[in-house]
């Protein structure tokens, strides 16, 4: 994690107000996603055999990176050590983006970006795209703790302030609901598969099987079972020191469903319910999300 470590050390010396900047109305990390990095993304050439992983922040991205790497290794018979940097394209400096062209397939590329801000070839080249969503109440709680543990991002002043910013979309990578509505438009695209964090927590073996089939990476039942066993959240936390070094505790906290109940006031819960229903009621994504089960 040496590159990430040096970036975090740079950020630790910065004032909180300098850690984010606004681009086209959306906040991004000054250290991880400077303008030249996002500018260069316009030239990134996806391939049809790329594996693309997308998630709004704190919806299970790092968990699914680990699962996908295990699926790739098991299916291809390789045992590759994961690279030191997370596969988020918006974190890759321009020189690294250019080196990506030389990477052998299958390449695992990830992003927290809104679909409108992704490299155009993510859609024109028709690679398979896995999108992970999580209920908004647990997402905002996880995001709040992440802000307070990650030196690259400014500290959240308070839970109430961060909740308010999340509700208006004034957080890094933009509005959760804007992301959700953008993927709702693509929910029937055969190259897009949307999975729910809560469903994966409920039945990880089934999730591993569906994901491997979607990416045409066949696994035996034994491999599915083994990958699921190694990828429970508790196993990931245990292994996080090895996989993420000192940053393991930043990326993996509780991973629970329902932790929002320890943070939300009754008024905040009602406010989120109203916003959720005004934005997503009647959508196909809402039908998958099972909001009433996980957020009441």
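Just so it is clear, glycine is given a Cβ too, placed from its N, Cα and C backbone atoms.
Annotated features, as they stand in Swiss-Prot:
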| type | residues | note |
| --- | --- | --- |
| ACT_SITE | 112 | active site, proton acceptor |
| BINDING | 134, 142, 197, 253, 254, 255 | 3'-phosphoadenylyl sulfate binding site |
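Overlay of Swiss-Prot feature records on the structure.
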{"residue": "112", "record": "active site, proton acceptor", "CB count, 10 Å": "22"}
{"residue": "134", "record": "3'-phosphoadenylyl sulfate binding site", "CB count, 10 Å": "24"}
{"residue": "142", "record": "3'-phosphoadenylyl sulfate binding site", "CB count, 10 Å": "22"}
{"residue": "197", "record": "3'-phosphoadenylyl sulfate binding site", "CB count, 10 Å": "26"}
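The subset of binding-site residues (134, 142, 197) lying with their Cα within 10 Å of the Cα of residue 112 (active site, proton acceptor) is empty, i.e. none. According to DSSP, residue 142 (3'-phosphoadenylyl sulfate binding site) sits within a helical segment. The DSSP secondary structure for residue 197 (3'-phosphoadenylyl sulfate binding site) is helix. Under DSSP, residue 134 (3'-phosphoadenylyl sulfate binding site) is assigned to coil, being neither helix nor strand in the three-state scheme.
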